[in-house]
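Working notes, beginning with the structure itself.
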């Protein structure tokens, strides 16, 4: 069965084709980063309008590159939420209309489920069950994943998400948009011994996170020093070091509590090289295996949505619906699946 995946939850338009026998046939992605840069962040109305412009040309490009056609598609999987309501409506309405015209079903996919399952696009892939660290601009969660749709929250941020803290601290350092990625690049030039920032909730008796206070501590540190290129790099290093220390410690604790021996790291911050290095170093010599998505699948993309749709299609998922009607969920708890 061939599934067309469509992702429009924020500022990337992603489409992909996933075959239940052959795997991923192809995917195309358009990022709106350049458009939003002058505003210093995502403008929801502009994001929605750009999805409308991009989605059909991207699908045509996808079919050409994959040497297939719409007539071969058995179902469409689209992101139903969470995300920006207008952006979600663009993908959902397009998916529903296309499915109605072709008389094929639509699967509503949770955006975070797509991220959780994205390492399954790579080889080797994890087996169920596993612990997942889902870390992005909007979410920081530890989940126990026992199967498709079987997700249990172990811990989450009580305030800012890790990616959000990266972006906000990047603004304090006068970095351009997207700030989190630029902060990580700047941190590679920083010196480890110059500054140390707190590790919030590092030793708490739960698996929750907090990054708001760390951002405030970084702001106070920036205010105390005259900024030059080296000082900015040193502070970036200290900030990234603190965030990744917390993420690693909590992930290892989750593995110890659950007794599971597989860790999946997913979401945009999962591309962070220092986080990857620390996890691999900390877990080397143990029986625990860490799985990272390919870098192209860390950001929002259609491939993870097509994959999630294909897996649910194989299970004859109850959310399978006919084209012609649709709803979106700007807020949606992953445990409610």
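Heads up, the Cβ atoms here are built off N, Cα and C, so glycines get one too.
Listed by Swiss-Prot as binding Fe cation are 111, 115; the candidate from 287, 300 that the record includes in that site is 300.
Between the candidates 114, 180, 259, Swiss-Prot assigns the substrate site shared with 134, 135, 136, 137, 138, 167, 272 to 180.
For residue 135 (substrate binding site), the nearest neighbour among the listed binding-site residues (111, 115, 300), judged by C-alpha distance, is 115. The binding-site residues listed here (111, 115, 300) include 115 as those with a Cα within 10 A of the Cα of residue 134 (substrate binding site). A simple way to gauge crowding: the CB of residue 134 (substrate binding site) has 25 other CB atoms within 10 angstroms, across all the protein chains here. Fewest other C-beta atoms within 10 angstroms, among the binding-site residues 135, 167, 300, are seen around 167. Of the listed binding-site residues 137, 180, the Cβ environment within 10 Å is emptiest of other Cβ atoms at 137. Of all the binding-site residues given, namely 111, 115, the one with the smallest number of surrounding CB atoms inside 10 A is 111. Residues 134, 135, 136, 137, 138, 167, 180, 272 are recorded as binding substrate; their most distant pair of Cα atoms lies 17 Å apart.
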